[in-house]
Amino acid sequence: MECNCIEPQWPPDDLLMKYQYISDFFIALAYFSIPLELIYFVKKSAVFPYRWVLVQFGAFIVLCGATHLINLWTFTPHSRTVASVMTTAKVLTALVSCVTALMLVHIIPDLLSVKTRELFLKNKAAELDREMGLIRTQEEIGRHVRMLTHEIRSTLDRHTILRTTLVELGRTLSLEECALWMPTRTGLELQLSYTLRQQNPVGYTVPIHLPVINQVFSTNCAVKISPNCPVARLRPAGKYVSGEVVAVRVPLLHLSNFHINDWPELSTKRYALMVLMLPSDSARQWHVHELELVEVVADQVAVALSHAAILEESMRARNLLMEQNVALDLARREAETAIRARNDFLAVMNHEMRTPMHAIIALSSLLQETELTPEQRLMVETILKSSNLLATLINDVLDLSRLEDGSLQLDLETFNLYSLFKEVLKLIKPIASVKKLRVSLSLAPDLPEYAVGDEKRLMQTILNVVGNALKFSKEGSISITAFVVKPETLRDSRTPEFLPVPSDNHFYLRVQVKDSGCGISPQDIPKLFTKFAENQSTATRNPGGSGLGLAICKRFVNLMEGHIWIESEGLGKGCTAIFIVKLGIPEGMNDSKLPYMPKMPTNHRQTAFPGLKVLVMDENGVSGAVTKELLMHLGCDVTTVSSGDECLQLVSHEHKVVFMDICVPGIDCHRITSRIYEKFAKRNERPLIVALTGNTDKSTKENCMRIGMDGLVLKPVSLDKMRSVLSDLLEHRVLFEAI
């Protein structure tokens with residue numbers, strides 16, 4: 001068989017052939033070892049195109065290895081079969097190479113997309129690194145802010161807050177200088193108030209309207225400013241390159257709370273200026289996170305200052321309130337002391353004035369019973385009238401005093417309303433007949449016969465109002481009208497301050513007293529309810545005195561939840577006095593009236609008490625003698641003593657009444673009353689014990705009732721009053737005069 005191999009141009013060298021033979025063997029061996037690795041990757045690959053490429057590449061490697069292996073037999077004479085096998089291996093290798101190349105055409109775009117993804121992931125990784133850097137920066141800023149905030153808010157003293165801010169910022173940011181400029185009192189300048197290194201004297205000022213200051217105040221961000229501007233000149237002049245400077249505003253929420261030197265008391269929106277300087281002769285610049293830190297700290301300082309202001313204001317308000325409370329407490333104690341002193345004075349004066357009044361009225365009434373000439377009788381009547389007027393004034397002063405200090409309380413009891421008006425009419429008729437005045441009384445049919453209220457105060461009010469009508473009327477008539485006010489007419493446009501509250505258990509009584517007297521000018525009406533005030537137009541024509549009547553009436557009416565006013569068309573046209581009071585409706589008496597029990601007329605009472613043994617205990621000799629004369633004039637057998645021991649020694653079962661002056665100093669009336677009770681075991685053998693007093697305090701009456709006394713009589717006492725007292729006392733065995 002012939003060999004179709006191409007003969008080399010140069011004859012093969014045996015050694016060269018040997019080397020080629022060995023090289024082909026190892027190349028074939030290497031080619032056959034590569035598929036073993038490819039089989040591993042084929043098993044691990046899960047994507048079809050890549051697995052197929054690996055298979056093709058493995059086949060290509062195997063064919064290349066087979067070609068080199070078959071080529072070993074071509075170095076020696078060989079058969080045609082070897083040549084055919086060699087040719088087949090090379091054809092298959094070429095075919096597999098082409099198929100692999102065609103497959104790579106489809107895979108290249110995928111490979112390019114993988115590269116793109118790789119670049120995308122690299123970019124994302126870079127962005128993530130930058131974001132992580134920002135997060136770390138923000139965390140660092142937050143840590144510094146928390147640290148600074150903790151240091152700043154560890155105190156609520158504004159000076160410590162500002163000083164701590166500068167120190168902590170200087171340490172955190174490694175600053176060369178940090179300063180705080182505060183507005184002055186005028187608000188036209190900024191004053192250097194705090195510095196970190198204290199290289200410049202505090203107190204240096206610059207105008208507040210500089211362009212650089214306006215620039216900083218116009219934004220809440222930190223602003224880089226020139227190191228040569230006035231607020232940045234924080235170091236002495238020298239040959240050095242100044243570091244970068246930033247400034248930020250610090251809001252002052254209530255400037256009036258931060259007085260430093262001459263800060264303004266009142267302010268609208270004001271700011272302080274914080275200036276921060278980096279070290280000189282350095283290339284360091286301000287970073288964004290550092291500027292953010294400065295801005296946040298400025299806001300925190302503003303908040304801390306506002307908290308300090310609130311604390312200072314609250315402390316100031318608390319101290320002021322404490323001072324006011326101390327002053328109020330002192331004023332209250334002084335007022336209470338003054339009220340007690342006034343009440344004590346009035347009580348003493350009441351007793352001391354009533355004692356001589358008792359003598360004057362009693363002796364005058366006794367003198368009136370004697371044979372007198374007309375001129376003497378007129379004098380005695382004048383004395384009695386003046387004395388009664390003075391006694392009324394004393395009562396009014398005491399009532400007004402208790403009304404003003406709030407100690408006077410209404411004595412609410414069920415009373416006969418018809419009887420009250422008839423008693424008033426009976427009391428005023430003698431005076432009206434003397435002045436030849438006609439008096440009429442008109443009671444509405446629907447007026448309840450019984451009511452719940454203070455009978456004494458209501459009668460006193462009516463008598464005062466009617467007394468005024470009598471005093472200022474020389475002729476004509478006086479009419480008294482009483483009726484129940486309808487709910488729809490309670491409100492009157494003329495009295496807007498009166499706000500009645502209707503209810504089922506109460507009614508409003510309206511009393512009108514109309515006279516034909518001298519009248520009054522409308523502008524003088526409000527003065528009538530003032531203490532010791534009187535209409536000037538009538539003062540000269542009525543010498544009865546101004547008194548306290550209407551002033552007390554107004555307070556009594558207010559106490560009874562009512563209202564009083566006066567109407568007059570002018571001088572010479574008379575007056576109408578009107579008042580409304582609130583009275584209660586007795587339980588079970590709304591539909592049926594109780595039988596009317598009129599008081600016994602005076603002429604039916606006993607007028608003389610012959611042989612009635614009476615014991616009078618009074619330390620005041622004059623007062624005791626006067627009381628004795630009154631009783632003796634009524635026919636009584638009277639014994640007087642001046643001490644409690646004498647009273648206990650002399651009192652016997654023959655004495656029917658014991659009059660005891662309970663205001664005698666050094667005498668224990670409770671002890672004396674108890675001893676008398678012990679001395680007379682049987683009630684019918686014991687004398688009636690009656691207190692004589694000039695004290696109008698309500699507690700006096702309560703104490704007398706509590707210790708077991710049988711009665712209480714107020715001084716002064718006239719002959720008629722003593723006659724009435726003895727008559728009622730002997731008839732009812734008890735008599736407590738209303739106080």
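Glycine is treated like the rest: Cβ placed from N, Cα and C.
So that you can see what the record holds, here are the features copied from TrEMBL:
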TRANSMEM  19-40  transmembrane segment
TRANSMEM  52-71  transmembrane segment
TRANSMEM  91-112  transmembrane segment
DOMAIN    613-730  domain 'Response regulatory'
MOD_RES   Asp661  4-aspartylphosphate
CROSSLNK  Lys715  ubiquitin cross-link
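Here the domain 'Response regulatory' (613-730) has, by DSSP, the following mix of helix, strand and coil residues: 55 helix, 25 strand, 38 coil. All protein chains included, the residue listed as 'ubiquitin cross-link' registers 27 other Cβ atoms within 10 Å of its own Cβ. Rounded to a whole value, the Cα-Cα separation of Lys715 (ubiquitin cross-link) and Asp661 (4-aspartylphosphate) is 10 Å. Along the domain 'Response regulatory' (613-730), the predicted structure has mean pLDDT 84.
Using a 10 Å radius centred on the Cβ of the residue listed as '4-aspartylphosphate' and all shown protein chains, the other Cβ atoms total 23.
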